Amino acid sequence: MEQREKWATKIGLILAMAGNAIGLGNFVRFPTQVAGNGGGAFMVPYFLALFLLGIPVMWVEWVQGRYGGKYGHGTLGPTFYLMARESVKPRTALIFGLIGGALAFATTTLLNSYYLHLIGWSAAYSWFSITGAYFGKNTAEFFSQYLSNHGQVFLFWGITVVLLGIAVGQGVSKGIERWVKVMMPLLYVFAIILVIYVFALGSPLGDPKWSTLKGFEFIWSPNWTYLKENLWSVMLAASGQIFFTLSLGMGIIQNYASYLGPKDDVALSGLATVSLNEFAEVVLGGSIAVPLAVAYAPKIVPADVLAKGSDAALQWISENFGLGFSYTSLPNIFVQMGAAGRFFGALWFLLLWFAGFTSAIAMYNYLTALLEEDLGIPRKTGTWVVFVIYFLLGIPVVYISGYLDQVDAWISFQLALLALFDIIVGVWLFKPDNFWKELHEGALINVPEIYKWITVIVAPIFIALPLFGTAKSLIGTTLQWPARIAILAMLTIGAIETYYAIKKKYGEELEKNEVIIKV
Ligand code: PFF
(Lines of atoms letter the chains of each structure in order from A and count residues from 1; the text may use other names and numbers.)
(Lines give C-alpha, C1' and ligand atoms only; values in the text may rest on other atoms or scores of the structure.)
Protein backbone atom coordinates (compact mmCIF):
# COMPACT_ATOMS: atom_id res chain seq x y z
CA MET A 1 0.00 0.00 0.00
CA GLU A 2 1.22 3.49 -0.83
CA GLN A 3 2.06 5.93 1.90
CA ARG A 4 0.18 9.14 1.22
CA GLU A 5 -0.76 12.28 2.98
CA LYS A 6 -3.79 12.02 5.28
CA TRP A 7 -6.26 14.38 6.88
CA ALA A 8 -5.02 15.09 10.39
CA THR A 9 -8.39 15.31 12.13
CA LYS A 10 -11.93 14.14 11.52
CA ILE A 11 -13.34 17.63 12.00
CA GLY A 12 -10.78 18.98 9.54
CA LEU A 13 -11.87 16.44 6.94
CA ILE A 14 -15.55 17.18 7.41
CA LEU A 15 -15.00 20.94 7.24
CA ALA A 16 -12.86 20.54 4.13
CA MET A 17 -15.54 18.46 2.43
CA ALA A 18 -18.27 20.88 3.50
CA GLY A 19 -16.11 23.73 2.25
CA ASN A 20 -15.69 21.91 -1.04
CA ALA A 21 -19.45 21.57 -1.48
CA ILE A 22 -20.55 24.93 -0.03
CA GLY A 23 -19.77 27.61 -2.56
CA LEU A 24 -21.26 30.29 -4.76
CA GLY A 25 -23.68 27.53 -5.72
CA ASN A 26 -25.34 27.81 -2.31
CA PHE A 27 -25.64 31.56 -2.01
CA VAL A 28 -25.96 32.77 -5.60
CA ARG A 29 -26.88 29.86 -7.89
CA PHE A 30 -29.50 28.38 -5.57
CA PRO A 31 -31.52 31.59 -5.09
CA THR A 32 -31.27 32.15 -8.83
CA GLN A 33 -32.64 28.71 -9.60
CA VAL A 34 -35.42 28.96 -7.02
CA ALA A 35 -36.50 32.38 -8.23
CA GLY A 36 -36.32 31.45 -11.89
CA ASN A 37 -38.25 28.21 -11.50
CA GLY A 38 -41.45 29.23 -9.82
CA GLY A 39 -40.23 29.57 -6.22
CA GLY A 40 -41.97 26.85 -4.26
CA ALA A 41 -42.42 24.81 -7.45
CA PHE A 42 -38.69 24.21 -7.48
CA MET A 43 -38.36 22.76 -4.00
CA VAL A 44 -40.34 19.57 -4.63
CA PRO A 45 -38.15 18.15 -7.40
CA TYR A 46 -35.15 19.58 -5.60
CA PHE A 47 -35.65 17.35 -2.58
CA LEU A 48 -36.48 14.41 -4.83
CA ALA A 49 -33.17 14.87 -6.65
CA LEU A 50 -31.37 15.24 -3.33
CA PHE A 51 -32.50 11.85 -2.07
CA LEU A 52 -32.47 9.88 -5.31
CA LEU A 53 -29.43 11.41 -6.93
CA GLY A 54 -27.35 13.58 -4.62
CA ILE A 55 -26.95 11.29 -1.63
CA PRO A 56 -26.25 8.07 -3.58
CA VAL A 57 -23.74 9.70 -5.95
CA MET A 58 -22.05 11.35 -2.96
CA TRP A 59 -21.51 7.90 -1.41
CA VAL A 60 -20.24 6.50 -4.69
CA GLU A 61 -17.69 9.30 -4.95
CA TRP A 62 -16.46 8.87 -1.37
CA VAL A 63 -16.03 5.13 -1.94
CA GLN A 64 -14.17 5.75 -5.19
CA GLY A 65 -11.85 8.29 -3.61
CA ARG A 66 -10.86 6.15 -0.67
CA TYR A 67 -10.36 3.16 -3.00
CA GLY A 68 -8.09 5.10 -5.36
CA GLY A 69 -6.18 6.50 -2.38
CA LYS A 70 -5.28 2.97 -1.26
CA TYR A 71 -3.31 2.64 -4.48
CA GLY A 72 -1.84 6.12 -4.20
CA HIS A 73 -4.20 7.89 -6.61
CA GLY A 74 -6.08 11.13 -6.02
CA THR A 75 -7.08 11.57 -9.66
CA LEU A 76 -9.98 9.97 -11.41
CA GLY A 77 -8.33 8.24 -14.38
CA PRO A 78 -6.31 5.62 -12.52
CA THR A 79 -9.12 5.19 -9.94
CA PHE A 80 -11.68 4.43 -12.66
CA TYR A 81 -9.21 2.04 -14.27
CA LEU A 82 -8.74 0.11 -11.02
CA MET A 83 -12.45 -0.17 -10.31
CA ALA A 84 -13.43 -1.16 -13.85
CA ARG A 85 -10.76 -3.89 -13.73
CA GLU A 86 -13.04 -5.84 -11.41
CA SER A 87 -15.30 -6.71 -14.34
CA VAL A 88 -13.39 -6.15 -17.54
CA LYS A 89 -9.89 -6.80 -18.88
CA PRO A 90 -7.27 -4.10 -18.24
CA ARG A 91 -7.34 -2.82 -21.80
CA THR A 92 -11.09 -2.22 -21.66
CA ALA A 93 -10.73 -0.76 -18.16
CA LEU A 94 -8.24 1.68 -19.66
CA ILE A 95 -11.04 3.18 -21.78
CA PHE A 96 -13.10 3.94 -18.68
CA GLY A 97 -10.00 5.38 -17.05
CA LEU A 98 -9.50 7.69 -20.00
CA ILE A 99 -13.10 8.88 -19.92
CA GLY A 100 -13.00 9.62 -16.18
CA GLY A 101 -9.59 11.26 -16.34
CA ALA A 102 -10.44 13.45 -19.33
CA LEU A 103 -13.77 14.64 -17.92
CA ALA A 104 -12.38 15.42 -14.47
CA PHE A 105 -9.44 17.30 -15.98
CA ALA A 106 -11.73 19.36 -18.19
CA THR A 107 -13.94 20.30 -15.21
CA THR A 108 -11.16 21.18 -12.80
CA THR A 109 -9.47 23.38 -15.40
CA LEU A 110 -12.46 25.01 -17.13
CA LEU A 111 -15.03 25.36 -14.37
CA ASN A 112 -12.51 26.80 -11.98
CA SER A 113 -11.12 29.17 -14.60
CA TYR A 114 -14.33 31.23 -14.47
CA TYR A 115 -15.28 30.38 -10.91
CA LEU A 116 -12.02 32.00 -9.77
CA HIS A 117 -13.02 35.17 -11.56
CA LEU A 118 -16.38 35.23 -9.84
CA ILE A 119 -14.60 34.90 -6.50
CA GLY A 120 -12.31 37.72 -7.54
CA TRP A 121 -15.38 39.91 -8.14
CA SER A 122 -16.56 39.09 -4.61
CA ALA A 123 -13.19 40.11 -3.19
CA ALA A 124 -13.44 43.39 -5.08
CA TYR A 125 -16.99 44.00 -3.94
CA SER A 126 -16.12 43.35 -0.28
CA TRP A 127 -13.66 46.18 -0.67
CA PHE A 128 -16.12 48.41 -2.56
CA SER A 129 -18.70 47.84 0.18
CA ILE A 130 -16.40 48.73 3.05
CA THR A 131 -15.16 51.82 1.27
CA GLY A 132 -18.64 52.72 0.06
CA ALA A 133 -17.37 52.93 -3.52
CA TYR A 134 -20.72 52.22 -5.16
CA PHE A 135 -22.79 54.28 -2.72
CA GLY A 136 -24.55 57.15 -4.41
CA LYS A 137 -23.83 55.73 -7.86
CA ASN A 138 -25.82 53.78 -10.44
CA THR A 139 -24.85 50.26 -9.35
CA ALA A 140 -25.38 48.67 -12.76
CA GLU A 141 -23.07 51.22 -14.37
CA PHE A 142 -20.59 50.80 -11.56
CA PHE A 143 -20.51 47.05 -12.18
CA SER A 144 -19.91 47.34 -15.90
CA GLN A 145 -17.18 49.89 -15.28
CA TYR A 146 -15.56 47.50 -12.85
CA LEU A 147 -15.68 44.66 -15.38
CA SER A 148 -14.11 46.76 -18.08
CA ASN A 149 -11.24 47.79 -15.80
CA HIS A 150 -9.22 44.63 -16.49
CA GLY A 151 -6.30 45.65 -14.33
CA GLN A 152 -8.56 45.82 -11.32
CA VAL A 153 -10.31 42.57 -12.23
CA PHE A 154 -6.98 40.74 -12.43
CA LEU A 155 -5.75 42.40 -9.23
CA PHE A 156 -8.54 40.93 -7.07
CA TRP A 157 -8.34 37.67 -9.00
CA GLY A 158 -4.59 37.60 -8.35
CA ILE A 159 -4.90 38.19 -4.60
CA THR A 160 -7.39 35.32 -4.41
CA VAL A 161 -5.43 32.86 -6.52
CA VAL A 162 -2.08 33.57 -4.87
CA LEU A 163 -3.67 32.82 -1.49
CA LEU A 164 -5.10 29.61 -2.92
CA GLY A 165 -1.69 28.64 -4.25
CA ILE A 166 -0.10 29.25 -0.87
CA ALA A 167 -2.72 27.17 0.96
CA VAL A 168 -2.48 24.26 -1.48
CA GLY A 169 1.32 24.45 -1.50
CA GLN A 170 1.36 23.84 2.26
CA GLY A 171 -0.23 20.44 1.70
CA VAL A 172 -3.47 18.72 2.59
CA SER A 173 -3.29 18.54 6.38
CA LYS A 174 -0.94 21.49 6.96
CA GLY A 175 -2.52 23.73 4.32
CA ILE A 176 -6.07 23.04 3.19
CA GLU A 177 -7.16 21.58 6.52
CA ARG A 178 -5.84 24.50 8.55
CA TRP A 179 -7.33 27.12 6.26
CA VAL A 180 -10.80 25.57 6.23
CA LYS A 181 -10.78 25.22 10.00
CA VAL A 182 -10.72 29.02 10.19
CA MET A 183 -12.77 29.89 7.13
CA MET A 184 -15.69 27.49 7.48
CA PRO A 185 -16.78 28.49 11.01
CA LEU A 186 -16.48 32.14 9.96
CA LEU A 187 -18.58 31.44 6.87
CA TYR A 188 -21.38 30.04 9.01
CA VAL A 189 -21.13 32.98 11.40
CA PHE A 190 -21.33 35.52 8.55
CA ALA A 191 -24.30 33.74 7.01
CA ILE A 192 -26.16 33.44 10.31
CA ILE A 193 -25.67 37.14 11.08
CA LEU A 194 -27.07 38.01 7.66
CA VAL A 195 -30.04 35.68 8.08
CA ILE A 196 -30.89 37.11 11.51
CA TYR A 197 -30.71 40.59 10.03
CA VAL A 198 -33.00 39.59 7.17
CA PHE A 199 -35.53 38.16 9.62
CA ALA A 200 -35.41 41.31 11.71
CA LEU A 201 -35.91 43.57 8.70
CA GLY A 202 -39.60 42.81 8.25
CA SER A 203 -40.86 45.42 5.82
CA PRO A 204 -38.03 47.96 5.80
CA LEU A 205 -39.80 50.37 3.46
CA GLY A 206 -42.81 50.59 5.75
CA ASP A 207 -45.17 49.02 3.21
CA PRO A 208 -46.43 45.61 4.42
CA LYS A 209 -46.85 44.55 0.80
CA TRP A 210 -43.08 44.25 0.63
CA SER A 211 -41.54 42.25 3.44
CA THR A 212 -38.91 39.59 3.85
CA LEU A 213 -41.74 37.28 4.89
CA LYS A 214 -43.23 37.59 1.41
CA GLY A 215 -39.90 36.37 0.08
CA PHE A 216 -39.99 33.33 2.33
CA GLU A 217 -43.54 32.61 1.23
CA PHE A 218 -42.43 32.73 -2.39
CA ILE A 219 -39.85 30.00 -1.76
CA TRP A 220 -41.75 27.88 0.69
CA SER A 221 -45.31 27.60 -0.62
CA PRO A 222 -45.34 24.73 -3.11
CA ASN A 223 -46.58 26.04 -6.42
CA TRP A 224 -48.16 22.95 -7.98
CA THR A 225 -49.65 24.72 -10.99
CA TYR A 226 -46.29 26.10 -12.02
CA LEU A 227 -44.70 22.70 -11.47
CA LYS A 228 -47.29 20.94 -13.58
CA GLU A 229 -46.91 23.37 -16.43
CA ASN A 230 -43.12 23.33 -16.41
CA LEU A 231 -42.42 19.87 -15.05
CA TRP A 232 -39.42 18.97 -17.21
CA SER A 233 -37.60 22.23 -17.08
CA VAL A 234 -38.03 22.50 -13.31
CA MET A 235 -36.89 18.90 -12.77
CA LEU A 236 -33.91 19.58 -14.99
CA ALA A 237 -32.97 22.74 -13.11
CA ALA A 238 -33.38 20.99 -9.75
CA SER A 239 -31.19 18.01 -10.61
CA GLY A 240 -28.56 20.26 -12.19
CA GLN A 241 -28.47 22.32 -9.00
CA ILE A 242 -27.97 19.18 -6.91
CA PHE A 243 -24.90 18.18 -8.93
CA PHE A 244 -23.42 21.62 -8.81
CA THR A 245 -24.01 22.38 -5.16
CA LEU A 246 -22.74 19.02 -3.90
CA SER A 247 -19.64 19.22 -6.14
CA LEU A 248 -20.60 15.96 -7.85
CA GLY A 249 -19.38 14.84 -11.26
CA MET A 250 -16.21 16.92 -10.91
CA GLY A 251 -13.67 14.50 -9.43
CA ILE A 252 -13.00 16.67 -6.40
CA ILE A 253 -14.97 14.72 -3.79
CA GLN A 254 -12.93 11.67 -4.80
CA ASN A 255 -9.73 13.67 -4.56
CA TYR A 256 -10.45 14.76 -0.98
CA ALA A 257 -11.60 11.25 -0.02
CA SER A 258 -8.35 9.80 -1.39
CA TYR A 259 -6.57 11.25 1.64
CA LEU A 260 -8.49 8.91 3.96
CA GLY A 261 -7.14 5.77 5.60
CA PRO A 262 -8.52 2.49 4.14
CA LYS A 263 -10.73 1.93 7.17
CA ASP A 264 -11.90 5.49 7.75
CA ASP A 265 -15.66 5.94 7.67
CA VAL A 266 -17.21 7.15 4.43
CA ALA A 267 -20.92 6.44 4.99
CA LEU A 268 -21.59 8.89 7.82
CA SER A 269 -19.02 11.38 6.56
CA GLY A 270 -20.62 11.48 3.11
CA LEU A 271 -23.98 12.09 4.70
CA ALA A 272 -22.52 14.78 6.95
CA THR A 273 -21.16 16.57 3.87
CA VAL A 274 -24.59 16.54 2.27
CA SER A 275 -26.30 17.73 5.47
CA LEU A 276 -23.90 20.60 6.07
CA ASN A 277 -24.23 21.68 2.46
CA GLU A 278 -28.02 21.51 2.48
CA PHE A 279 -28.23 23.52 5.68
CA ALA A 280 -26.02 26.16 4.09
CA GLU A 281 -28.06 26.09 0.89
CA VAL A 282 -31.70 25.71 1.80
CA VAL A 283 -31.73 27.33 5.22
CA LEU A 284 -29.03 29.99 4.91
CA GLY A 285 -28.72 30.49 1.14
CA GLY A 286 -32.49 30.58 0.79
CA SER A 287 -32.91 33.20 3.51
CA ILE A 288 -30.74 36.02 2.24
CA ALA A 289 -30.89 37.16 -1.39
CA VAL A 290 -34.51 36.36 -2.29
CA PRO A 291 -36.18 37.77 0.87
CA LEU A 292 -33.99 40.87 0.62
CA ALA A 293 -34.97 41.37 -3.01
CA VAL A 294 -38.68 41.08 -2.21
CA ALA A 295 -38.49 43.36 0.84
CA TYR A 296 -36.78 46.06 -1.20
CA ALA A 297 -38.66 45.41 -4.43
CA PRO A 298 -39.81 49.03 -4.91
CA LYS A 299 -36.15 50.11 -4.90
CA ILE A 300 -34.94 47.65 -7.51
CA VAL A 301 -37.91 46.85 -9.71
CA PRO A 302 -38.55 49.42 -12.50
CA ALA A 303 -41.45 51.72 -11.71
CA ASP A 304 -43.64 50.67 -14.67
CA VAL A 305 -43.42 47.01 -13.63
CA LEU A 306 -44.08 47.89 -10.01
CA ALA A 307 -47.23 49.73 -11.01
CA LYS A 308 -48.67 46.45 -12.32
CA GLY A 309 -48.74 44.98 -8.83
CA SER A 310 -46.84 42.55 -6.67
CA ASP A 311 -47.15 39.53 -8.95
CA ALA A 312 -45.56 41.42 -11.80
CA ALA A 313 -42.83 42.65 -9.46
CA LEU A 314 -42.08 39.12 -8.26
CA GLN A 315 -42.01 38.01 -11.87
CA TRP A 316 -39.48 40.73 -12.66
CA ILE A 317 -37.30 39.69 -9.74
CA SER A 318 -37.45 36.04 -10.88
CA GLU A 319 -36.45 36.91 -14.41
CA ASN A 320 -33.66 39.23 -13.40
CA PHE A 321 -32.18 37.15 -10.67
CA GLY A 322 -28.79 35.79 -11.58
CA LEU A 323 -25.13 36.30 -11.26
CA GLY A 324 -25.23 39.97 -12.21
CA PHE A 325 -28.09 40.52 -9.77
CA SER A 326 -25.74 39.95 -6.84
CA TYR A 327 -23.44 42.68 -8.10
CA THR A 328 -26.02 45.16 -9.32
CA SER A 329 -29.34 44.86 -7.50
CA LEU A 330 -28.11 43.69 -4.11
CA PRO A 331 -25.63 46.58 -3.81
CA ASN A 332 -28.59 48.83 -4.52
CA ILE A 333 -30.26 47.35 -1.47
CA PHE A 334 -27.17 47.80 0.71
CA VAL A 335 -27.16 51.45 -0.29
CA GLN A 336 -30.69 51.76 1.13
CA MET A 337 -29.43 50.62 4.53
CA GLY A 338 -27.16 53.62 4.90
CA ALA A 339 -24.06 53.12 7.03
CA ALA A 340 -25.18 49.63 8.07
CA GLY A 341 -25.25 48.76 4.38
CA ARG A 342 -21.49 49.08 4.18
CA PHE A 343 -21.13 46.50 6.88
CA PHE A 344 -23.78 44.11 5.58
CA GLY A 345 -22.59 44.52 2.01
CA ALA A 346 -19.06 43.66 3.02
CA LEU A 347 -20.33 40.72 5.05
CA TRP A 348 -22.29 39.39 2.08
CA PHE A 349 -19.41 39.61 -0.38
CA LEU A 350 -16.92 38.23 2.13
CA LEU A 351 -19.31 35.35 2.66
CA LEU A 352 -19.27 34.71 -1.08
CA TRP A 353 -15.49 34.98 -1.13
CA PHE A 354 -15.03 32.46 1.71
CA ALA A 355 -17.58 30.09 0.19
CA GLY A 356 -15.93 30.27 -3.22
CA PHE A 357 -12.40 30.02 -1.85
CA THR A 358 -13.02 26.80 0.06
CA SER A 359 -14.54 25.25 -3.07
CA ALA A 360 -11.93 26.43 -5.54
CA ILE A 361 -9.21 25.07 -3.30
CA ALA A 362 -10.47 21.55 -4.05
CA MET A 363 -10.16 22.07 -7.83
CA TYR A 364 -6.75 23.60 -7.30
CA ASN A 365 -5.67 20.61 -5.26
CA TYR A 366 -6.95 18.16 -7.86
CA LEU A 367 -4.62 19.59 -10.50
CA THR A 368 -1.74 19.87 -8.04
CA ALA A 369 -2.21 16.22 -7.06
CA LEU A 370 -2.29 15.27 -10.73
CA LEU A 371 1.05 16.96 -11.36
CA GLU A 372 2.49 15.49 -8.18
CA GLU A 373 1.36 11.88 -8.52
CA ASP A 374 1.24 11.35 -12.24
CA LEU A 375 4.08 13.55 -13.43
CA GLY A 376 6.36 13.69 -10.40
CA ILE A 377 6.28 17.50 -10.07
CA PRO A 378 6.77 18.56 -6.41
CA ARG A 379 3.71 20.11 -4.78
CA LYS A 380 5.18 23.58 -4.29
CA THR A 381 6.30 23.86 -7.91
CA GLY A 382 3.05 22.29 -9.05
CA THR A 383 0.94 24.99 -7.43
CA TRP A 384 2.64 27.63 -9.58
CA VAL A 385 2.11 25.58 -12.70
CA VAL A 386 -1.57 25.44 -11.79
CA PHE A 387 -1.54 29.19 -11.20
CA VAL A 388 -0.29 29.73 -14.75
CA ILE A 389 -2.92 27.33 -16.18
CA TYR A 390 -5.69 29.27 -14.43
CA PHE A 391 -4.24 32.58 -15.51
CA LEU A 392 -4.19 31.53 -19.17
CA LEU A 393 -7.64 29.96 -19.07
CA GLY A 394 -8.94 33.08 -17.33
CA ILE A 395 -8.01 35.35 -20.23
CA PRO A 396 -10.94 34.42 -22.51
CA VAL A 397 -13.23 34.67 -19.46
CA VAL A 398 -12.32 38.33 -19.12
CA TYR A 399 -11.88 39.31 -22.76
CA ILE A 400 -14.42 37.32 -24.77
CA SER A 401 -18.02 38.14 -24.01
CA GLY A 402 -20.33 35.14 -23.90
CA TYR A 403 -17.44 32.70 -23.37
CA LEU A 404 -18.22 32.13 -19.68
CA ASP A 405 -21.86 31.23 -20.36
CA GLN A 406 -20.96 28.89 -23.19
CA VAL A 407 -18.38 26.96 -21.24
CA ASP A 408 -20.79 26.87 -18.31
CA ALA A 409 -23.47 25.28 -20.52
CA TRP A 410 -21.02 22.58 -21.52
CA ILE A 411 -19.96 22.02 -17.90
CA SER A 412 -23.60 21.39 -16.84
CA PHE A 413 -23.73 18.57 -19.37
CA GLN A 414 -20.36 17.23 -18.32
CA LEU A 415 -21.27 17.03 -14.64
CA ALA A 416 -24.21 14.76 -15.42
CA LEU A 417 -22.10 12.67 -17.80
CA LEU A 418 -19.33 12.10 -15.28
CA ALA A 419 -21.87 11.28 -12.55
CA LEU A 420 -23.30 8.61 -14.84
CA PHE A 421 -19.81 7.16 -15.34
CA ASP A 422 -19.31 7.31 -11.55
CA ILE A 423 -22.12 4.80 -11.27
CA ILE A 424 -21.20 2.73 -14.32
CA VAL A 425 -17.64 2.31 -13.09
CA GLY A 426 -17.91 2.59 -9.30
CA VAL A 427 -21.04 0.47 -8.91
CA TRP A 428 -21.83 -1.59 -12.01
CA LEU A 429 -18.32 -2.59 -13.11
CA PHE A 430 -16.89 -2.57 -9.59
CA LYS A 431 -19.94 -4.74 -8.82
CA PRO A 432 -22.78 -3.64 -6.56
CA ASP A 433 -21.81 -6.06 -3.80
CA ASN A 434 -18.26 -4.76 -3.69
CA PHE A 435 -19.55 -1.21 -3.65
CA TRP A 436 -21.86 -1.99 -0.76
CA LYS A 437 -19.07 -3.74 1.14
CA GLU A 438 -16.68 -0.84 0.60
CA LEU A 439 -19.33 1.66 1.71
CA HIS A 440 -19.66 -0.21 5.00
CA GLU A 441 -15.94 -0.74 5.58
CA GLY A 442 -15.24 1.14 8.80
CA ALA A 443 -18.67 2.77 8.54
CA LEU A 444 -20.15 4.55 11.54
CA ILE A 445 -23.71 4.00 10.29
CA ASN A 446 -25.61 1.27 8.51
CA VAL A 447 -27.08 2.49 5.27
CA PRO A 448 -30.55 1.02 4.62
CA GLU A 449 -30.44 -1.74 1.98
CA ILE A 450 -32.91 0.18 -0.20
CA TYR A 451 -30.12 2.63 -1.00
CA LYS A 452 -28.20 -0.11 -2.71
CA TRP A 453 -30.98 -0.38 -5.27
CA ILE A 454 -31.52 3.32 -5.48
CA THR A 455 -27.83 3.62 -6.35
CA VAL A 456 -27.77 0.74 -8.84
CA ILE A 457 -31.04 1.45 -10.65
CA VAL A 458 -32.89 4.63 -9.71
CA ALA A 459 -30.00 7.11 -9.69
CA PRO A 460 -28.74 6.29 -13.21
CA ILE A 461 -32.28 6.53 -14.60
CA PHE A 462 -32.69 9.87 -12.84
CA ILE A 463 -29.39 11.11 -14.31
CA ALA A 464 -30.80 10.59 -17.81
CA LEU A 465 -32.94 13.66 -17.21
CA PRO A 466 -30.21 16.29 -16.75
CA LEU A 467 -28.06 14.41 -19.22
CA PHE A 468 -30.51 14.64 -22.12
CA GLY A 469 -31.86 18.01 -21.04
CA THR A 470 -28.44 19.66 -21.05
CA ALA A 471 -27.42 17.83 -24.23
CA LYS A 472 -30.54 19.12 -25.95
CA SER A 473 -29.84 22.72 -25.05
CA LEU A 474 -26.22 22.33 -26.12
CA ILE A 475 -27.27 21.02 -29.51
CA GLY A 476 -29.53 24.04 -29.83
CA THR A 477 -26.66 26.49 -29.32
CA THR A 478 -23.66 26.96 -31.54
CA LEU A 479 -20.62 27.27 -29.38
CA GLN A 480 -18.17 29.99 -30.37
CA TRP A 481 -14.73 28.86 -31.48
CA PRO A 482 -12.89 29.94 -28.32
CA ALA A 483 -15.24 27.84 -26.19
CA ARG A 484 -14.98 24.86 -28.54
CA ILE A 485 -11.22 25.02 -28.65
CA ALA A 486 -10.90 25.31 -24.88
CA ILE A 487 -13.23 22.38 -24.24
CA LEU A 488 -11.64 20.13 -26.86
CA ALA A 489 -8.15 21.02 -25.74
CA MET A 490 -8.82 20.27 -22.07
CA LEU A 491 -10.52 16.96 -22.87
CA THR A 492 -7.64 15.92 -25.10
CA ILE A 493 -4.90 16.95 -22.70
CA GLY A 494 -6.80 15.21 -19.89
CA ALA A 495 -7.03 11.99 -21.88
CA ILE A 496 -3.35 12.02 -22.88
CA GLU A 497 -2.24 12.74 -19.33
CA THR A 498 -4.44 9.91 -18.01
CA TYR A 499 -3.09 7.48 -20.58
CA TYR A 500 0.43 8.33 -19.53
CA ALA A 501 -0.39 7.99 -15.81
CA ILE A 502 -2.09 4.61 -16.14
CA LYS A 503 0.51 3.24 -18.54
CA LYS A 504 3.32 4.32 -16.23
CA LYS A 505 2.04 2.35 -13.30
CA TYR A 506 0.02 -0.44 -14.87
CA GLY A 507 1.93 -0.86 -18.13
CA GLU A 508 2.77 -4.48 -17.49
CA GLU A 509 -0.86 -5.33 -16.81
CA LEU A 510 -1.96 -3.63 -19.99
CA GLU A 511 0.72 -5.47 -21.95
CA LYS A 512 -0.44 -8.87 -20.70
CA ASN A 513 -4.06 -7.72 -20.41
CA GLU A 514 -4.27 -9.54 -17.03
CA VAL A 515 -4.61 -8.04 -13.54
CA ILE A 516 -1.29 -8.22 -11.66
CA ILE A 517 -1.21 -5.37 -9.13
CA LYS A 518 -3.47 -5.84 -6.09
CA VAL A 519 -3.37 -4.07 -2.75
N1 PFF B 1 -20.23 22.96 -4.94
C2 PFF B 1 -19.62 24.13 -5.46
C3 PFF B 1 -20.59 25.29 -5.29
O4 PFF B 1 -21.72 25.05 -4.84
O5 PFF B 1 -20.26 26.42 -5.58
C6 PFF B 1 -19.27 23.87 -6.89
C7 PFF B 1 -17.86 24.13 -7.24
C8 PFF B 1 -17.57 25.04 -8.20
C9 PFF B 1 -16.80 23.53 -6.57
C10 PFF B 1 -16.29 25.37 -8.48
C11 PFF B 1 -15.51 23.87 -6.86
C12 PFF B 1 -15.28 24.81 -7.80
F13 PFF B 1 -14.02 25.16 -8.05
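In case you wondered, yes, glycine gets a Cβ from its N, Cα and C as well.
Taken verbatim from TrEMBL:
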- 7-28: transmembrane segment (TRANSMEM)
- 40-60: transmembrane segment (TRANSMEM)
- 93-116: transmembrane segment (TRANSMEM)
- 154-173: transmembrane segment (TRANSMEM)
- 185-205: transmembrane segment (TRANSMEM)
- 231-253: transmembrane segment (TRANSMEM)
- 343-364: transmembrane segment (TRANSMEM)
- 384-404: transmembrane segment (TRANSMEM)
- 411-430: transmembrane segment (TRANSMEM)
- 450-469: transmembrane segment (TRANSMEM)
- 481-502: transmembrane segment (TRANSMEM)
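Taking pairs at least six residues apart, the transmembrane segment (343-364) and the transmembrane segment (481-502) share fewer than three Cβ pairs below 8 Å and do not count as touching. Touching of the transmembrane segment (450-469) and the transmembrane segment (231-253) is concluded from the presence of at least three CB pairs under 8 A, sequence neighbours closer than 6 excluded.
Beyond the transmembrane segment (93-116), the same-chain residues lying 6 or more positions past its ends with a Cβ under 8 Å from any Cβ of the stretch are 23-24, 75-82, 84-85, 157, 160-161, 164, 249-252, 356, 359-360, 363-364, 366-367, 370, 389-390, 393-394, 397, 404, 407-408, 410-411, 414-415, 417-418, 421, 424-425, 429, 486-487, 490-495, 497-499, 501-502, 510. Stretch with the largest number of CB pairs closer than 8 A to the transmembrane segment (384-404), among 7-28, 154-173, 481-502: 154-173.
Under 8 Å from some Cβ of the transmembrane segment (231-253) lie the Cβ atoms of residues 17, 20-21, 23, 25-26, 29-30, 33, 36-38, 41-42, 45-46, 48-50, 53-54, 57-58, 61-62, 65, 75-76, 100, 103-105, 107-108, 111, 273-274, 277, 281, 359, 362-363, 365-366, 412, 414-419, 422, 462-463, 465-466, 469-470, all in the same chain and six or more residues away from its ends. Within the chain carrying the transmembrane segment (185-205), a Cβ under 8 angstroms from the stretch's Cβ atoms is held by residues 15, 19, 22, 27, 211-213, 280, 283-285, 287-288, 291-292, 295-296, 298-299, 336-337, 344, 347-348, 350-351, 354-355, 358, all 6 or more beyond its ends. Only residues 6 or more beyond the boundaries of the transmembrane segment (154-173), in the same chain, are considered here, and those with a CB under 8 A from a CB of the stretch are 5-8, 12, 116-117, 119-121, 123-124, 127, 179, 259, 353, 357, 360-361, 364-365, 368, 379-380, 383-384, 386-387, 390-391, 394, 398.
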